[in-house]
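Chemist: Below: one structure in structure tokens.
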Amino acid sequence: MYMRDTIAAISTPPGNGGIGIIRISGGSASCIAETLFRPVRSGGLISHRFYYGTLIDIQTGAVVDEVMAVIMRAPHSYTREDVLELHCHGGMLVVERILSLVLRAGARLAEPGEFTRRAFLNGRIDLVQAESVMDIISAQTDAALALAQRQRGGVLSSRIAEARQLLLHALALIEAYIDFPEDDLGETDVESIRSSVEGARTHIRRLLEDFNEGRLLREGISVLIIGKPNAGKSSLLNRLLNENRAIVTHLPGTTRDIIEETINLGGLAVRLLDTAGIRHTEDVIEQEGINRALEKIPQADLILFVLDGSRPFGPEDRLILDALQGNRFVAAISKADLPRVLELPSECCNLPQVSFSAESGEGVDDLKSTVRSLFVSSQAIDNREYVAISRVRHRDALSSADGSLSRFRQGLDSGASLDLLALDLREALASVGEVTGQVTNEDVLDLIFSSFCIGK
């Protein structure tokens, strides 16, 4: 990957559409515009202004398409390089033909995420903000989008910068005494160092505490719906989806394969998996569906154990309950519109329990609230100022920083040498810097930006 190259890519999704966009970034962007674009009005292209005209194949002189062109000159662009965008009709044939002409005019095809990578390397955004671009694109709920937008706006980066400044202050005091060994570390400076480090550690630990919520908002959760035949699993799925996605009959064993659908559960993306009814059967195909359902149990974030409230707790329910031990699950008691017959065994007393009727909708909202509350707080969903780390990379780096600060505190209390204390602080600073990209390496950047789409 060469930063001096001019890169180009299609920035709109594949397939036919109303508009297609080809994005070009680099030193040759203006030259490519002059070569291929013929504006209706003569004169040079002013930065950040759209121009209507035609796109020409310079080898044949033929008009390829009518386009709108905009040049955004460095450093006032997404990449802080000259950026040219060509907006054409959205047919794939014309979009790909224009891209081929741009490549022939001197650009090369961009790699996945290369535009955003250049924005990072050129100092326009930090690494957290770069990652948030992909999170904005892939967000499935308003809460996930709001979190990504706050990260993109620099709120998380500011929190991390505050911790970093406190650590730099402490390190500066220690290094001053290292440079002038004839002076002893005074009590006032010791307390100032301790206060700065503890302040930084508080910032870091608060972010670590919110990691699971941040990750779940970004990634969502998987919820497995499991139960014996005719317990009401597929009816519950249909009610949650507000559509007849699964076939529902009075015949047991109707659902044989796993049905997957995603819903927005009050700000939390939930992947629902409806499964075959669990029972002993001689039907080979049905048994395969049962085996697949049982295999999904340890992979799910939560299991909704659907029990028929109008029938006694039976051997099939016991079989499922035994299979669920050690996993997180909710007892979802169906058919609340019928007289209650079910009595749960004693080991279910401390479980979350919700009665519902898929027929009338009674209790379904309570079930949704129960599921959501097990994973995220109302603050994470509703507070527009909420910010959290949301990636394992963030957590690992901050956990490493917290470990370094723990060693620092122990060393400070036990009278360790200033050199060792400074080493712990430098390690903590390096770990904190990994989050925003102040300290990084090419392998990490390759891993992050390879997940982006081409053209972003």
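From the backbone N, Cα and C atoms, a Cβ is placed for every residue, glycine too.
From a predicted model like this one, the values you see are computed outputs, not experimental measurements.
The (6S)-5-formyl-5,6,7,8-tetrahydrofolate binding site feature in Swiss-Prot is assigned to Arg23, Glu85, Arg124, Lys456; the stated evidence is sequence analysis. Marked as K(+) binding site by Swiss-Prot: Asn230, Thr249, Leu251, Thr254. Residues or ranges marked as GTP binding site in Swiss-Prot: 230-235, 249-255, 274-277. Taken from Swiss-Prot, the feature Mg(2+) binding site applies to Ser234, Thr255, supported by sequence analysis. The domain 'TrmE-type G' annotation in Swiss-Prot covers 220-376.
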Chemist: Around Lys233 (GTP binding site), how many other CB atoms lie within 10 A of its CB?
Modeler: 30
Chemist: For the domain 'TrmE-type G' (220-376), what's the mean pLDDT in this predicted model?
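Modeler: Taking every residue in the domain 'TrmE-type G' (220-376) and averaging pLDDT yields 84.
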Chemist: Checking the binding-site residues Arg23, Glu85, Ala276, which are within 10 Å of Ser234 (Mg(2+) binding site) at the Cα level?
Modeler: Ala276
Chemist: Could you state the CA-to-CA distance between Glu85 ((6S)-5-formyl-5,6,7,8-tetrahydrofolate binding site) and Ala276 (GTP binding site) to the nearest Å?
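Modeler: The Cα atom of Glu85 ((6S)-5-formyl-5,6,7,8-tetrahydrofolate binding site) is 51 Å away from the Cα atom of Ala276 (GTP binding site).
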Chemist: I need the CA-to-CA distance for Lys456 ((6S)-5-formyl-5,6,7,8-tetrahydrofolate binding site) versus Asn230 (K(+) binding site), whole Å please.
Modeler: 48
Chemist: For each of the binding-site residues (Arg23, Arg124), count the other CB atoms lying within 10 A of its CB, then report the residue with the highest count.
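Modeler: Answer returned by the neighbour count: Arg23.
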Chemist: For the binding-site residues listed here (Asn230, Ser234), tell me which residue's CB has the most neighbouring CB atoms inside 10 Å.
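Modeler: Highest number of other Cβ atoms within 10 Å: Ser234.
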Chemist: Is Lys233 (GTP binding site) helix, strand or coil when read with DSSP?
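Modeler: It is helical.
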Chemist: Specify the count of other C-beta atoms within 10 Å of the C-beta of Glu85 ((6S)-5-formyl-5,6,7,8-tetrahydrofolate binding site).
Modeler: 21
Chemist: Distance between Asn230 (K(+) binding site) and Ala276 (GTP binding site) at the Cα atoms, whole Å?
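Modeler: One finds 10 Å between the Cα atoms of these residues.
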Chemist: Just to verify a number: CA distance, Ala276 (GTP binding site) to Arg124 ((6S)-5-formyl-5,6,7,8-tetrahydrofolate binding site), in angstrom, no decimals.
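Modeler: Each residue's Cα considered, Ala276 (GTP binding site) and Arg124 ((6S)-5-formyl-5,6,7,8-tetrahydrofolate binding site) end up 51 Å apart.
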Chemist: Just to verify: the residue among Ala276, Lys456 with the fewest other Cβ atoms within 10 Å, which of the binding-site residues is it?
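Modeler: So among Ala276, Lys456, the binding-site residues given, the one with the fewest Cβ atoms within 10 Å is Lys456.
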Chemist: State, in Å as a whole number, the widest CA to CA span among the (6S)-5-formyl-5,6,7,8-tetrahydrofolate-binding residues Arg23, Glu85, Arg124, Lys456 given in the record.
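Modeler: Max span of the (6S)-5-formyl-5,6,7,8-tetrahydrofolate binding residues, Cα based, is 19 Å.
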